[in-house]
C-alpha cells in the first residue's frame, strides 16, 4: 500500500506479532462481552419485569468499572503489566462461569447477578488500563496512531457481530449459553496473551496507592495539553449519549422498527469509516488543532441532526458525527500515549477511560432531563449547539493544544 494513502495500513498486524496477539485477544474479548451485554438485561427483565432493576445492574457494573479503572491505572504503573492483564482476564472469566452456573439453577439468584456484575466490571476494566499502558512498548510510539485505528475497527466489528450472535443464542439456547460462551471466549484470550513479552513498569519510588493516584490527578490538571485532551474526550462522549433520544425521534420521523436500527448503526459505521480513512492522520503537523476542529464539527453534526425533516438525513448526520468523533478520538489516544511520561501511562490511561465512562453517564442524564422539559428535537439540538459553543470557547482557551506541533513521521522503509 502506498505510504501516502488515506486508507488505514494494516501492516502492523504482520510486522508486530505481539500486537497481533493483542488484536486477536481483544476481538474475542469484545465478542464475549457482547454476549454478556445481551444476556444480563434480558435475564433480569425476565426475572423481575422491571426496567429499574435492569438499569440498576448497568449502574452497578459501571460503578465497578470506574473503580477498576482507577485501581488498574495504579497497578499498571507499579507491577509487571503482562501479569496484570492475565490476572484480570482470568478472574473476569471466573465471574462469567458464576453467571452461567447461576442461570442453570431452577431459580437463579438476582443478588448473584448483581454481585457478579460488580466482580466482572471491576476486573474487566482492571485489564483495560494495563493493556493501554503496555501498547506503546508493543508497537512503538511512532505506530500508535495506526494501532489505535486498528483497535477502533476491532471494537466496531466486534460490537456489530456480538449482539446478533447473542440474540441468536438467546432464541435457541437461553442465557446460560451466552454466559458459557462468554466464559470460554475469555479464557481463550489468555492463549494469545501468554505470548506477549514481559512488560515491566518503569522504575519509580514506592508510594501509597492513593498518593500515586493523586499525583496523576495533579499531572492531569497541571498539564494544559493532557488536561485539554481529557476534557475534549469527556465532552465528545457526552455528545454520543444522544442515542437515548433515538426512540422518541423515531416516533417523530414515523420510522419503522427496521429503520430505527439504522439510527443505532450510523455512528459506529461513521466511526469505522473514520478509522479506515485515517492513513494520513499520523502525518498531521498540528494534531491538536485538527482534534479541536473535528470535535467542534462533531458537536455541530449532533445539533443539526435533530433538525432534519426526514430520518435519512438524520442518519447521515449521525454517520458524520461518527466519522469526526473517530478522527478526534484517534488523535486524543495518540497524543495521550506519546505526551504522557512512561511512569504515568497506566494512571493517565485509567483516568482518561474513566472520564469517558463518566461523560456518557452525564450526557445521558442531561439529555434525559432536557427530554422532560422540551421535545426530543429541541433536546438534541440544544445539546449539540450548546456543545458547539463550549467547543469554540475551548479552541480559544486551550492555546497549548491548539498550537501543538509535531514533526512529520520519518519514513523507515517498513513494508506498506
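Note that Cβ sites are derived from N, Cα and C of the backbone, with glycine treated the same way.
Look at Swiss-Prot and you will find 1-21 (among others) tagged as topological domain 'Cytoplasmic', backed by sequence analysis. For the topological domain 'Cytoplasmic' (1-21), the predicted model reports an average pLDDT of 80.
What Swiss-Prot lists as transmembrane segment is 22-42 (among others). Panel annotation: around the transmembrane segment (22-42), residues 13, 54, 57-58, 89, 96, 99, 103, 113, 117, 120, 124, 131, 135, 138, 150-151, 154-155, 157-159, 161-163, 165-167, 169-170, 175, 178-179, 181-186, 188-190, 192-193, 196 of the same chain, lying at least six beyond its termini, place a Cβ under 8 Å from a Cβ of the stretch.
When Cβ-Cβ distances below 8 Å are used as the criterion, the topological domain 'Periplasmic' (43-55) is approached by residues 103, 108, 110, 113, 175 of the same chain, each at least six residues removed from its ends. The topological domain 'Periplasmic' annotation in Swiss-Prot covers 43-55 (among others).
According to Swiss-Prot, the feature transmembrane segment maps to 56-76 (among others). For the transmembrane segment (56-76), the residues of the chain that approach it from at least six positions outside its boundaries are 40-41, 44, 84, 88, 113-114, 117-130, 132-134, 201, 209, 212-213, 216, 345-351, 353-354, 357-358, 361, judged by C-beta separation under 8 angstroms.
The annotation topological domain 'Cytoplasmic' is assigned in Swiss-Prot to 77-83 (among others) on the grounds of sequence analysis. Within the chain carrying the topological domain 'Cytoplasmic' (77-83), a Cβ under 8 angstroms from the stretch's Cβ atoms is held by residues 130-131, 133-134, 193, 196-202, 204, 206, 209, 212, 343-347, all 6 or more beyond its ends.
Cβ atoms under 8 Å from those of the transmembrane segment (84-104) belong to residues 25, 29, 32, 36, 39-40, 43, 72, 75-76, 112-113, 116, 119-120, 123-124, 126-127, 130-131, 134, 174-176, 179-180, 182-183, 186-187, 189-190, 193-194, 196 of the same chain, restricted to positions at least 6 beyond its ends. Swiss-Prot lists 84-104 (among others) with the feature transmembrane segment.
Cβ atoms under 8 Å from those of the topological domain 'Periplasmic' (105-109) belong to residues 43, 47 of the same chain, restricted to positions at least 6 beyond its ends. Annotated topological domain 'Periplasmic' per Swiss-Prot: 105-109 (among others), in sequence order, evidence recorded as sequence analysis.
The transmembrane segment feature in Swiss-Prot is assigned to 110-130 (among others); the stated evidence is sequence analysis. Outside the transmembrane segment (110-130), and at least 6 residues removed from its termini, the chain residues within Cβ reach (under 8 Å) are 33, 36, 40, 43-44, 47-48, 53, 56-57, 60-69, 71-73, 75-76, 81, 84-85, 87-89, 91-92, 95-96, 98-99, 102, 346, 349-350, 353.
For 131-156 (among others), the entry in Swiss-Prot reads topological domain 'Cytoplasmic'. The DSSP breakdown of the topological domain 'Cytoplasmic' (131-156), given as helix, strand and coil counts, is 25 helix, 0 strand, 1 coil.
Sequence-distant contacts of the transmembrane segment (157-177) (same chain, at least 6 residues past either end, Cβ-Cβ under 8 Å): 26-27, 30-35, 37-39, 42-43, 100, 103-104, 265, 268, 272. Taken from Swiss-Prot, the feature transmembrane segment applies to 157-177 (among others), supported by sequence analysis.
The transmembrane segment feature in Swiss-Prot is assigned to 179-199 (among others). Here the transmembrane segment (179-199) has Cβ contacts under 8 Å with residues 17-18, 20-22, 24-26, 28-29, 31-33, 35-36, 39, 80-82, 85-86, 89-90, 92-93, 96-97, 99-100, 103, 134, 137-138, 169 of the same chain, all six or more residues outside its ends.
Beyond the ends of the topological domain 'Cytoplasmic' (200-218), by six or more residues, the same chain brings 70-71, 73-74, 76-81, 133, 342-344, 346-348, 350-351 to within a C-beta distance below 8 angstroms of the stretch. Annotation source Swiss-Prot lists topological domain 'Cytoplasmic' at 200-218 (among others).
Nonlocal intrachain contacts for the transmembrane segment (219-239), taken as residues 6+ away from its ends with a CB within less than 8 angstroms of a stretch CB, comprise 288, 291-292, 295, 298-299, 302, 321, 325, 328-329, 332, 335-336, 339-340, 344, 348, 351-352, 355-360, 362-363, 366, 383-384, 387, 390-391, 394, 398-401, 404. Residues annotated as transmembrane segment in Swiss-Prot: 219-239 (among others).
Taking DSSP states H, G and I as helix and E and B as strand, the topological domain 'Periplasmic' (240-256) has 13 helix, 0 strand, 4 coil. According to Swiss-Prot, the topological domain 'Periplasmic' annotation covers 240-256 (among others), on the basis of sequence analysis.
Annotated transmembrane segment per Swiss-Prot: 257-277 (among others), in sequence order, evidence recorded as sequence analysis.
For 278-287 (among others), the entry in Swiss-Prot reads topological domain 'Cytoplasmic'. Per-class residue totals from DSSP over the topological domain 'Cytoplasmic' (278-287), listed helix then strand then coil: 4 helix, 0 strand, 6 coil.
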Where, among 257-277, 288-307, 314-336, do we find the most CB pairs under 8 A to the transmembrane segment (357-377)?
288-307
For the transmembrane segment (379-399), name the stretch out of 257-277, 288-307, 314-336 with the most CB-CB pairs under 8 Å.
288-307
Quick one: DSSP breakdown of the topological domain 'Cytoplasmic' (200-218) into helix, strand and coil?
10 helix, 0 strand, 9 coil
